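K.L.:
Straight from Swiss-Prot, here's the annotation block:
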type	residues	note
ACT_SITE	Glu260	active site, proton acceptor
ACT_SITE	Cys294	active site, nucleophile
BINDING	Ile28, Asp99, Leu189	Na(+) binding site
BINDING	Trp161, Lys185, Ser239	NAD(+) binding site
SITE	Asn162	site 'Transition state stabilizer'
Amino acid sequence: MDIPIPTRQLFINGDWKAPVLNKRIPVINPATQNIIGDIPAATKEDVDVAVAAAKTALTRNKGADWATASGAVRARYLRAIAAKVTEKKPELAKLESIDCGKPLDEAAWDIDDVAGCFEYYADLAEKLDARQKAPVSLPMDTFKSHVLREPIGVVGLITPWNYPMLMATWKVAPALAAGCAAILKPSELASLTCLELGEICKEVGLPPGVLNILTGLGPEAGAPLATHPDVDKVAFTGSSATGSKIMTAAAQLVKPVSLELGGKSPLVVFEDVDLDKAAEWAIFGCFWTNGQICSATSRLILHESIATEFLNRIVKWIKNIKISDPLEEGCRLGPVVSEGQYEKILKFVSNAKSEGATILTGGSRPEHLKKGFFIEPTIITDVTTNMQIWREEVFGPVLCVKTFSTEEEAIDLANDTVYGLGAAVISNDLERCERVTKAFKAGIVWVNCSQPCFTQAPWGGVKRSGFGRELGEWGLDNYLSVKQVTQYISEEPWGWYQPPAKL
């Protein structure tokens with residue numbers, strides 16, 4: 001199903017501006033493969049204009065408009081944005097759905113989370129005022145010291161296509177709460193709702209240049225943003241390969257980065273579980289958002305005593321999933337985002353089969369859907385740890401399975417990856433869950449569930465899944481620079497040097 005989409009330009013300095021080179025990129029509905037509109041394609045020239053606007057926003061009126069304004073002032077704008085997002089939720093959810101293929105119910109949930117995230121960081125912006133000049137205890141009573149928390153400055157925010165508006169908000173909301181000025185570069189595969197965020201900012205009167213939104217290709221817009229000398233920090237969510245390039249570029253300017261990269265997360269299921277409850281979490285953990293989740297628990301590690309029955313149950317659950325146009329009522333699996341992603345996922349499945357794995361279910365296009373980038377939920381068994389399907393991130397509705405006999409073996413299998421974003425364990429033995437939780441090498445651990453995410457809790461990985469934390473108070477700290485202020489308060493001279501002789 002196709003619906004009309006707004007025609008937008010780049011959002012720079014509080015207004016809509018055509019790209020300097022007047023380039024545009026077609027928008028393809030992944031459910032119908034139809035071109036439904038286009039978005040502007042920014043280049044280096046537009047990045048320069050946007051960065052200049054952001055710099056001006058920080059210094060306008062000696063910073064009083066934004067950077068040095070109270071957190072309470074910034075909070076009012078964030079709450080106004082949240083209210084507008086809630087007001088526009090129906091149309092935003094539909095745009096998200098036709099842009100990236102996400103089922104409409106999921107998209108609506110995401111938009112609720114967008115509003116909630118802006119509200120949360122409005123609260124933290126207000127609390128930031130009380131954290132200023134926090135005293136530092138010193139061992140010498142001739143000095144007193146305090147800490148200031150100041151905005152890092154101009155920040156480049158590069159975001160993915162699987163949660164277009166939500167993951168943009170994970171960066172935009174704390175950056176603005178901190179007093180930074182931002183340039184948001186969303187993925188060219190799903191930018192529609194991010195452009196609508198620009199319209200919302202205009203409607204609420206956000207000061208010009210505080211948030212600039214540049215759509216476009218990575219090499220043409222993302223790379224110039226990451227390497228721009230006047231961008232003080234880059235925050236990126238996406239592939240490990242691109243994250244590595246951003247780190248390399250930032251190193252030349254000694255620029256801080258925070259990176260949330262790929263994953264190949266495990267879900268360990270022990271023998272003492274309720275099979276149906278565990279089966280639902282297993283499919284939710286891998287097939288939510290059409291399987292396109294950086295933290296997807298796409299490696300299912302089953303106790304050997306329940307493996308056969310568990311897989312039988314999970315296949316029955318999968319057969320009950322409604323695969324359809326994401327705007328249809330009750331859809332629980334839509335298309336993957338693009339033709340390129342569709343072909344990549346099918347290649348993973350083909351390689352697994354050629355390496356000796358078994359396709360237990362799925363692995364191809366659903367028979368009832370002749371158009372669109374749809375792939376059936378897929379389970380792959382008879383997997384070995386040297387296979388590509390075990391080691392590499394698929395980013396699609398594909399679950400690979402191995403069995404274990406001991407807790408130690410389960411932990412070894414779970415940690416057998418270069419990634420470390422998420423990990424999950426399901427067991428009725430909570431002491432065992434605690435042991436396994438401590439043994440997991442991951443930044444996020446779920447116990448008796450998979451994938452729940454809350455704005456209040458930190459999000460980020462270890463190993464090649466990146467570093468830095470988003471969300472919670474940690475997300476705000478990402479965009480703050482800590483300044484130490486120490487004052488000598490004694491009336492006595494310092495007395496380290498011999499004073500010159502008096503004349």
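Glycine residues also receive a Cβ, built from the backbone N, Cα and C atoms like all the rest.
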K.L.:
Residues with Cβ closer than 8 Å to the Cβ of Glu260 (active site, proton acceptor), same chain and 6+ apart in sequence?
P.N.:
Phe236, Thr237, Cys294, Leu421, Trp459, Gly460, Gly461, Ser465, Gly466, Gly468, Glu470
K.L.:
Which state, by DSSP, holds Asp99 (Na(+) binding site): helix, strand or coil?
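P.N.:
Once the DSSP labels are grouped into three classes, Asp99 (Na(+) binding site) ends up as helix.
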K.L.:
Work out how many Å separate Lys185 (NAD(+) binding site) and Asn162 (site 'Transition state stabilizer') at their Cα atoms, rounded off.
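P.N.:
Answer for this pair: 14 Å between alpha carbons.
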K.L.:
Taking Cα atoms as reference points, rank the recorded positions Trp161, Asn162, Ser239 by distance from Leu189 (Na(+) binding site) and give the first.
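P.N.:
Minimum Cα distance from Leu189 (Na(+) binding site) across Trp161, Asn162, Ser239 lands on Trp161.
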K.L.:
Quick one: Cα separation, Ile28 (Na(+) binding site) versus Ser239 (NAD(+) binding site), in Å?
P.N.:
22
K.L.:
Minimum Cβ neighbour count within 10 Å among the recorded positions Asn162, Ser239: which residue?
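P.N.:
With the recorded positions Asn162, Ser239, fewest surrounding Cβ atoms within 10 Å: Ser239.
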K.L.:
Which ones in the same chain are close to Trp161 (NAD(+) binding site), with CB under 8 Å and 6+ residues apart in sequence?
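P.N.:
Sequence-distant Cβ neighbours: Cys100, Pro186, Ser187, Leu189, Ala190, Val337.
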K.L.:
Using all protein chains in view, find how many other C-beta atoms are within 10 Å of the C-beta of Leu189 (Na(+) binding site).
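P.N.:
Looking across every protein chain shown, the total is 20.
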K.L.:
Looking only at DSSP and grouping its letters into three states, which state does Ile28 (Na(+) binding site) belong to?
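P.N.:
Where Ile28 (Na(+) binding site) sits, the three-state DSSP reduction gives strand.
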K.L.:
Taking 8 Å from the centroid of the Cβ atoms of Ile28, Asp99, Leu189 as the cut-off, which other residues in that chain fall inside it around the Na(+) site?
P.N.:
Val27, Asn29, Pro30, Cys100, Gly101, Trp161, Ala190, Ser191, Leu192, Val337, Ser338
K.L.:
Between the two most separated Cα atoms in Trp161, Lys185, Ser239, the residues recorded as binding NAD(+), what distance in Å do you get?
P.N.:
15
K.L.:
To test your reading of the NAD(+) site: which residues beyond Trp161, Lys185, Ser239, same chain only, put their Cβ within 8 Å of the Cβ centroid of those residues?
P.N.:
Ile158, Thr159, Pro160, Pro186, Ser187, Glu188, Leu189, Gly218, Gly222, Thr237, Gly238, Thr242
